[in-house]
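K.L.:
Got a structure for you, questions after.
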Amino acid sequence: MFNNRRYDASVDSHASSAPSISPFADPGLGASEHYPAWSADRQIPMSTEEIEDIFLDLAQKFGFQRDSMRNMFDFTMQLLDSRASRMSPNQALLTLHADYIGGQHANYRKWYFAAQLNLDDAVGQSQNPGLQRLKSVKGGGKGGSKSLDSALNRWRNAMNNMSHYDRLRQIALYLLCWGEGGNIRFMPECMCFIFKCADDYYRSPECQNRVDPVPEGVYLNTVIKPLYNFVRDQGYEVIEGKFVRKEKDHADIIGYDDVNQLFWYPEGLAKIVLREGTRLVDVPPAQRYTKLGKVEWNKVFFKTYFEKRSMAHLLVNFNRIWILHISVFYFYTAFNSPKVYAPANKKEPSAPMTWSATALGGAVSTLIMILATIAEFSYIPTTWNNASHLTTRLIFLLVVLALTAGPTFYIALVDGRPGNGQIPLIIGIVQFFISVVATLAFGLIPSGRMFGDRVAGKSRKYMASQTFTASYPALPRTARTASICLWLLIFSCKFVESYFFLTSSFSSPIAVMARTKVQRCNDKYFGDALCANQVPFTLAIMYVMDLILFFLDTYLWYIIWIVIFSVGRSFALGLSIWTPWKDIYTRMPKRIYAKLLATAEMEVKYKPKVLVSQIWNAVIISMYREHLLSIDNVQRLLYHQVDGPDGRRTLRAPPFFTNQDGKGMNFFPIGGEADRRISFFASSLTTAFPETLAVEAMPTFTVLVPHYSEKILLSLREIIREADQNTRVTLLEYLKQLHPVEWDNFVKDTKILSEEAEGDGSTSQVNEKKADDLPFYCIGFKSSSPEYTLRTRIWASLRAQTLYRTVSGMMNYSKAIKLLYRVENPDIVHNFGGNTERLERELERMARRKFKFAISMQRFSKFSKEEQENAEFLLRAYPDLQIAYLDEEPGPKGSEARLFSALIDGHSEIDEKTGKRKPKFRIELPGNPILGDGKSDNQNHAIVFYRGEYLQLIDANQDNYLEECIKIRNILGEFEELSISSQSPYAQWGHKEFNKAPVAIVGTREYIFSENIGVLGDIAAGKEQTFGTMTARALAWIGGKLHYGHPDFLNALFMNTRGGVSKAQKGLHLNEDIFAGMNAFGRGGRIKHVEYYQCGKGRDLGFGTILNFQTKIGTGMGEQMLSREYYYLGTQLPIDRFLTFYYGHPGFHINNILVISSIQVFMVTLLYIGTLNKQLLICEVDARGNVLPTRPGCYNLIPVFDWIRRCIVSIFLVFFIAFLPLFLQELVERGTGKALLRLGKHFLSLSPIFEVFSTQIYSNSILSNLALGGARYIATGRGFATTRISFSILYSRFAGPSIYMGFRNLLILLYVTLAIWIPHLIYFWFSVLSLCIAPFLFNPHQFSFADFIIDYREFLRWMSRGNSRTKASSWYGYCRLSRTMITGYKKKKLGHPSEKLSGDVPRASWRNLIFSEIVLPICIATIFVIAYMFVKSFPNPDGSQPPSPLIRIAIVSVGPVVWNAAVLLSLFFISLFLGPMMDGWVKFGSVMASIAHILCLIGLVAVFEFFWFLELWDASHAVLGVICIAAIQRAIHKFLIAVFLTREFKHDETNRAWWTGKWYGRGFGNSALSQPAREFIVKIVEMSLWGSDFLLAHILLIIMTPPILIPYANSLHSTMLFWLRPSKQIRPPLFSTKQKRQRRWIVVKYTIVYIFMIAVLASLVVLPALFRDHIKFDCAICRSI
């Protein structure tokens, strides 16, 4: 459409008085008035027309697109206007050039020196610059750092001497390159390189002498497109015109960061080769631009950091954490366990030995460093710039290892020999001190700074990585001191407490256990090799347990101290509970005047009261309009005009400010939204605010919202139809339940409106009125005319998570700006007199100039009719809203479509033919911009349409309020750019005033507005509250806040010259925003946090949605661990800032992993101690701990039981501390009573159960992500919190992550309880059970009897579905999906209907699989088997030796597998012969499958009973045996799946072929012969899994049955879940008579089935237990096994 719009270059653009270039032109204004601050009367360095000429000229010289040029011209003018409004236009242009191109903090200047281009440009073209430059790098340049300083001076002088014209031309050229960059914008140094080439070319005579304009789109096609294609082809291949994701993991994809890093180093630039083989560096700079189209990019780029999936990233990035913990733990423990290394004949080791053994802690830390270094080798390509220091480090570490470990061998050799004198002792002591020094050095110095300092080194070699990864902004002195003090306090508390509580208390169990050998035990094969050492085995596991607790302790102290610091900080900031509310409210008017209004310049013509009253009244009226306040409330809150005594009108302050005597008249609904908003507004005004500028002088800013497919406005149908089958509640009823007061106000309003509309004023009887009003109270309207229904739709949309809510919230900025402008400039109101229309226009103009709002709707052109109507409604309601969208133009057949970035707003005219609006700008993109997870690409395509200096990035589920928007000028003041020095940034002295690191991000508070939906909502909101507020406050102060949540303000210029507002590589940058924070931090931007501003944010709060959200955060965290940003931060930050970063971000998740593993390790410890307690004679001790001689040959294990109690207390504390921050947060913000109440509510609603469960979900998602990959952006759904989810769905969603693990631990716990009972175990029963039943506990209406039974029916059907027909949800599908994580899918595209059920999962790498799927399960199985063998290694009561337990366990655990294989084989042949004959019978497959399943169950049960019989009906032994069997079978299954299975088909044909016996005609092709063999292995595994799932689910159901039998359990449960009184709860579903009858019949039928199943299962356990003495078989085989 735009390609034919050629224009003649010679047109004199001065002629047109209003150039059509600014699309934002108000009709009837001259050109100079769009940019009022840049007008001729202000000594501007160059006129708007001249600037326009520059743009036109550049577009013709380089072939930029016309629309992009118009867009960038407007962009530049808005920027200049924004800056010039608060400084002289001259200074505006200077600072802008300094920020983009030449200043101290300009990314371009930093890059220019980092890539050493000054050498390239300084050497004339006479000699070959390429060679010259490489020499100068090797030879250390001309005198090293001196030359760099003089180069910087030369640069500054050059910049200082530039003309204004050149400065503007450079800015314009940079922006034009950037504006069409598309996805290349994610690579800032690549953009710098392109700009440098273009700039050099522009200056060359060749360019200046060109006459004919270059055609449009040349730049895009020759420069950008080849780069874009390279990036795209890394991740996608195009098959039949569709993009198909390549199955590569991050380590094989050359991503944005790798491409970008090539441009960092001179050696990288030297790698850029043209097609004919010459290097680009060898071409003179002026000609490089013309050659860019000829570069072979495929041969240029390489990986600069390998994001391999492995746990070793934790070792490399956080090596200091491991050293500080493991080494110190070693020092402590080695000192406290002398028995372990004492000579065999002595009680205590000698002094030299003690010193030396303890000193091995240094060797431990050196070993950790060595492992980290070796791992680092595998993540960094061993090319030019980095491997050298790794090799040096490795050699040095090996030397240190010799020093710290060597002496121990010597001392061990000579120990105890006479005649050595003091030498061993001296060596030991020296060794100890070397170790301490080594540990301190390795623990405190960042590994990136040893041997070649990559952070502060002077060598040019490190310059690039310093500039782009380690320019951390310095902290002010007080903050740095605070940071160091905080960490000293945390670690000193931790080391002292851990020593006394963990280590020294552990010394007595060690003393008892270290040397104990178990007597009189034997095994047929191993003799007493294993069983005699059972006690040392136990001790080893106990050591591991203690180490984990040692880690957890640190986190505990971290939370305690960070909370104390945060509370202290809040007092320092002036937020505090001790100030009585009364003062806060009564002083509010004064504070509004002092802090929010720019009162410095105003003459005092008006009383402050008058000004404040306008602001306050506007806020109150806006709340009334949102139906938060009723008319009566409003009366008491407004300023009124009253007649004074002397007849003059005066303002009366509202009673709200005057009678605050604490008794709080009902000014607003108690506990409502208005209450919260007004109190936050009042308390926020107590803190310190930056000074404000007048509205005319404030900077322009943009709000940008990425929108994909979120709801825009709810349709009537969505509001009043039942949302789904399970809740049977309409959305409207649900919202009315949550916001009763607001609904009442809304209805009152509507009634007033409709009465006005009828306007008959008839006085009918009151009782008729009642009946008439019913429709209002039910659905909010009476006549279904659109204007009434629209009101209801809007009311509901503003309370759900819709885009409309976000837009109307953010549009409050525009209202706020108008309000402030009007209040602060009363003259304007006078000038316009009574002409309100003109006044409104003037206010509009100001608001439009200072605030832009853009929504990036990538799907806009593909919207459905309804979505289009809603978007159109938004544009009509807010004409200033701008929508950026992707416009597609199908290319000629076979070639790719062309994509355009287009922009429309509410003023765009509508095209008659298509009915769509005509875009203002339509800029062609190099290709499809959505290459990543979508959100960051969506932001990036719209970023060219932002205007002004700052950006606020908002998600489509947020909200904003007028009283917060009034603070906008103060927030923009936080960027510290409002009052800029009037010196030139390039002048000899002036540049010193621009030294301070720029502020990149200003973070703000979030308020979760869905807080009121019951306990889960409250937990999630509480977590956000503490993370987003409490820890953020402390972290921002000590410089550790990286994360930018969504209401944050960004310094747009800073972020966009450094790679955009978020990163976008698919999968890796799942949490795109965090990466932007780390990027800004590493490149020298400061990140602040403000307390006085908050945005609303919606988060949905059903159980499933919260866990999906946590899974997303967990997988995202796993991906971050792999990323280069973590590597840079972890290896380069100084220790205190590193610890702040670690505990603030990854530490939380690693702590979750450790908490869960502590439970598992502790279970194993208890199991081992239980076997000892069961089989050995334990001594009795007297009160003082001396062993009594009552039991000869006994084992003194009493200290071990004390240690267990202490451990349980420890684990309990670690869990409990999670509630501390929330409690203190409430205490500080709302007072003691409220805090205790909230905590009590949480405990009554069993929130600790949820905490345990969510910890497991977090840790599982990270670990599975690090091992297997599969990070997917899980759309955190938006369902009701009251929806009941069926049992089978919950089971299939949580079995893998949590239920299986819970049951394994439950079995161990059962054994432990039978073997050693202590009351402390109750806590563990509680937490392990919560892993199994949490999903069901928090499922609404789980305990209603009818639903429970219908669930059971659904579950049985789910277990047996999908064997003759494809079903969407079936057990087989679930089983297959969990398997494909490991096997991956076949590549074949067969287009089968059932393929939609499978996601895109790349196959995990075999290295990771070997460990996680083969080695680990085998180790666990071995541990359990050893415990079982120990129990069976004692002679029988009659003194005979028992047969080998190994054979017994082998038979019993492999038995079921063999049985299944036999059953399957015979059924396979039956179905092979019968299947084709039974063709007409649809259910044949299902019947065969059921037979197999039933036989499998019978086999399982029979084997268990047989085993129990072999154990002579001893319950505890049977349980231990079952633990072993489960572990062994798990190992077998994992082994079979990981080793023997090839990739899956994407469809489930093989399964149905197996059961029906029809293998032909299924599209297998030649794999029809190999498939049955593969399927046979699959089916063996599946049978066992099916059996175990069947039994587990029944056990779960049995656990959940007791509450169902209690009357009223359901309503109690709902009260607990939703915190609503039973009367307030949402009504139960209504069924028709037919449905009722049907349900009743199902319930009766399946209750009988359920009772029967339970009876069978119970009898299998109960009968043998009762009749154990009567059941005796005599079989010869039984005796031998």
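Counting starts with 1 at the first residue shown.
Backbone N, Cα and C atoms are what each Cβ position is placed from, and that goes for glycine too.
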K.L.:
Quick check on the annotations: TrEMBL lists transmembrane segment for one of 394-413, 1314-1333. Which range is it?
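P.N.:
Going through 394-413, 1314-1333 one by one, TrEMBL gives transmembrane segment for 394-413.
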K.L.:
Pick from 174-197, 558-581: which range does TrEMBL record as transmembrane segment?
P.N.:
558-581
K.L.:
Please compute the mean pLDDT of the model over the domain '1,3-beta-glucan synthase component FKS1-like' (165-277).
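P.N.:
For the domain '1,3-beta-glucan synthase component FKS1-like' (165-277), the model's average pLDDT rounds to 90.
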K.L.:
Could you give the residue numbers and ranges of same-chain residues that sit at least 6 residues beyond the transmembrane segment (314-333) on either side and whose C-beta is under 8 angstroms from one of its C-beta atoms?
P.N.:
358, 360-362, 364-365, 368-369, 371-372, 375-376, 379, 439, 442-444, 446-447, 491, 495, 498-499, 502-503, 506, 543, 546-547, 550-551, 554, 1121, 1126-1127, 1129-1131, 1135, 1138, 1142, 1146-1147, 1150
K.L.:
For the domain '1,3-beta-glucan synthase component FKS1-like' (165-277), jot down how many residues DSSP puts in helix, in strand and in coil.
P.N.:
72 helix, 10 strand, 31 coil
K.L.:
Using a Cβ cut-off under 8 Å, which residues of the same chain at least 6 positions beyond either end of the transmembrane segment (425-445) come close to it?
P.N.:
319-320, 323-324, 327-328, 331, 351-356, 358-363, 365-366, 368-369, 400, 403-404, 407-408, 410-411, 1135
